[in-house]
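Structure record follows, encoded as structure tokens.
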There are 4 protein chains.
Amino acid sequence: MTQPIILLTGFEPFEQEPLNPSWEAVRALDGWPCAGASVTARQLPCVFGKALQVLEQLMEELKPALVICVGQAGGRSQMSLERIAINVDDARIADNAGRQPVDQAIYNDGPAAYFSTLPIKGMVKAMRAAGVPAEVSQTAGTFVCNHVFYGLMHQLATHASKARGGFIHIPYIPSQAARHPGQPSLALETLVEGLRIALQSAMTLQQDVAEGGGQLH
Amino acid sequence: MTQPIILLTGFEPFEQEPLNPSWEAVRALDGWPCAGASVTARQLPCVFGKALQVLEQLMEELKPALVICVGQAGGRSQMSLERIAINVDDARIADNAGRQPVDQAIYNDGPAAYFSTLPIKGMVKAMRAAGVPAEVSQTAGTFVCNHVFYGLMHQLATHASKARGGFIHIPYIPSQAARHPGQPSLALETLVEGLRIALQSAMTLQQDVAEGGGQLH
Amino acid sequence: MTQPIILLTGFEPFEQEPLNPSWEAVRALDGWPCAGASVTARQLPCVFGKALQVLEQLMEELKPALVICVGQAGGRSQMSLERIAINVDDARIADNAGRQPVDQAIYNDGPAAYFSTLPIKGMVKAMRAAGVPAEVSQTAGTFVCNHVFYGLMHQLATHASKARGGFIHIPYIPSQAARHPGQPSLALETLVEGLRIALQSAMTLQQDVAEGGGQLH
Amino acid sequence: MTQPIILLTGFEPFEQEPLNPSWEAVRALDGWPCAGASVTARQLPCVFGKALQVLEQLMEELKPALVICVGQAGGRSQMSLERIAINVDDARIADNAGRQPVDQAIYNDGPAAYFSTLPIKGMVKAMRAAGVPAEVSQTAGTFVCNHVFYGLMHQLATHASKARGGFIHIPYIPSQAARHPGQPSLALETLVEGLRIALQSAMTLQQDVAEGGGQLH
């Protein structure tokens, strides 16, 4: 019997950055054995549409039991477990192919939003207990990260997949913050450690814990 | 023929505040004639469930052509036109009846989210042009404000209403910020002026303008 | 016997702004009778050196009993009573004459710093009691505002003047913040009201109140 | 001939923290050979007065060629090279001995402030070049950190010492930020690496570089 696969994706660099910490962090976990499964790390282009095509091919090919997409959130100080993906592209900057959609549905026939099916509260709890700054986030934005998150959940929903899926935003790493004075960062080692705990929790928690993680507004 | 009604709601105070700027601002517009319609301002309790019952009764009674609910977002610096309401209550603090739900659906049979049907980009554009700080916001949080916003949109959707609906978050007023050192605020006069422009835009814009208002994350 | 004069200065606009809220606010108080004195409002150029020459001429001419210089601090949310002026110019942008000094002493023979001689704690207390967001600030920066503040205190010290002197930083007004999305602001009316209370406190408090107003770092 | 000594101090924990990252970082460098000198790392109590007594004894005993004191600045995202120490204690919280002075001079006969004698611009430049987030800071606050920084510079000035001295504020480490959701942090490894570069620059730069590091306000 084959081992279950955890598909872990990161993005290529965008917005003039020399690297994307999401790819640096996930590729460090390629091949990592986690709770009886094995991690396959892949890179996605930072391009509307094409990123989803690549993701869907990977899911077709790998038939993963768990899919977690990871993306850079320059300016955040913690690892953010995203709660919800929304059906809109509204790009403040152009993607890596020069496209900049405004208020366009990702799937015209898709619902307004999908909730993450990861046990995000339990994952945050475990990450904090291990000393990794983490939070639940109520918005993944409206750029390629949200686009991929929504497309992932739409793919899982329309294929009636039992696989869990979700998205994690991560801060800059220090070498990026050194060029963006004032921006917070986390070391690559901290990010990799945080992802390890996140994956383990996602594989082992049958249901999420009932802990507050909301915002007043 | 009767004049169309714009239902404008604010909230009662919560979290030990002596007032709620949303109620102070909306009540200043009660009876205001706007684009051939007339504003009816009402207060909602800051209580899960009960706030929606009051709102639904008001909608039943008034049959408004436009419904805008307004709520306090202490810590924000601008008037925020909310883009999306999500189907979850996750309360960091207790509501005014002492309830503090965690990760509960607002309507078990409701979709994950509803988009505002207000022309939020056009409203922000008009507000900024008039010198009022305004933005599109990608999250209304998970407390009573989002609860009311979601309930409003669910009511409109399930009754196949043609009325437009949406939610606006507003900052503290200066007297509140004076007790919360470091927090931003806007004068009540600025908030009332901003709401006036928002209502006019919502009544007169047939469709929204295509202007960016998204976030990278 | 002549009435004592309060010299209140604001700055001309800088950094592409169409106005400077410090000048808009202080000129609204020109001629205002305050605690037996009378306010004279004047504008300073946003130019290293020249701003101080204008200020010194005004002090020579008016022999004020109290001098408060006011400047724009875009990004702050409260009116800031500055505690200390430091003997350095270190400009992140060019001034209105195109000069951009780096790490230059304002007066080569001056001390490292001067403390404000205003009762800043009492002023903040009175402003907050009146509902105006206010704070003590530990740094006036290193641009023209600090330059003028240091020059003012140096002038008072070297002339053994009994006049009190100090500096107040103020936020953007809403029309500015509407063009700088995310930035906090205070209405001009709030700023003028805050300055009124500040002037009255500065004229009537014989000594400052002992209230905390520090920062951990 | 004896090797020159670099005295590097960190603080004991305060404000209910289980550790102080300043002590964790400096003790990792105890004994480190740096540019022909050797680092001696020592801990200071977080107590007004007593911290300075300990520091002065250490300086008396070790006769260091360079003294850098390091302290925790919870909430900052970068390593902060402090520009200036001011002659005031104004404590928002009690120190570890329960004392909470308000607006008291550190030395009644001391000047208003002392500038750091470290080449802070060059140090920041070198740290950033190595990928460590760093900045010049215009205020060290008014708590025990500023107290120690002022006392250090006063000691050097009144003893006509040729030793250079200054202060570096550092962020939380991740395990602290995990308990303070939303706060930025840097890994201990990043902090230690940043201090290494800072010490080397301070030992080898004969004079500071002329690079902007100021603030508008």
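Our numbering is plain: 1 for the first residue shown, then up by one each step along the chain.
Keep in mind that glycine also has a Cβ here, set from the backbone N, Cα and C atoms.
For D:E82 (among others), the entry in TrEMBL reads active site. Counting every protein chain shown, the number of other Cβ atoms lying within 10 Å of the Cβ of D:E82 (active site) is 26.
DSSP assigns D:C145 (active site) to a helix. In sequence order, D:F11, D:C69, D:G71, D:A73, D:F167, D:H169 are the residues of the chain that are 6 or more apart from D:C145 (active site) and have a CB within less than 8 Å of its CB. Per TrEMBL, the feature active site maps to D:C145 (among others).
Marked as active site by TrEMBL: D:H169 (among others). Annotation note: D:H169 (active site) sits in a strand segment as assigned by DSSP. In the structure as shown, the Cβ atom of D:H169 (active site) sits within 10 Å of 27 other Cβ atoms.
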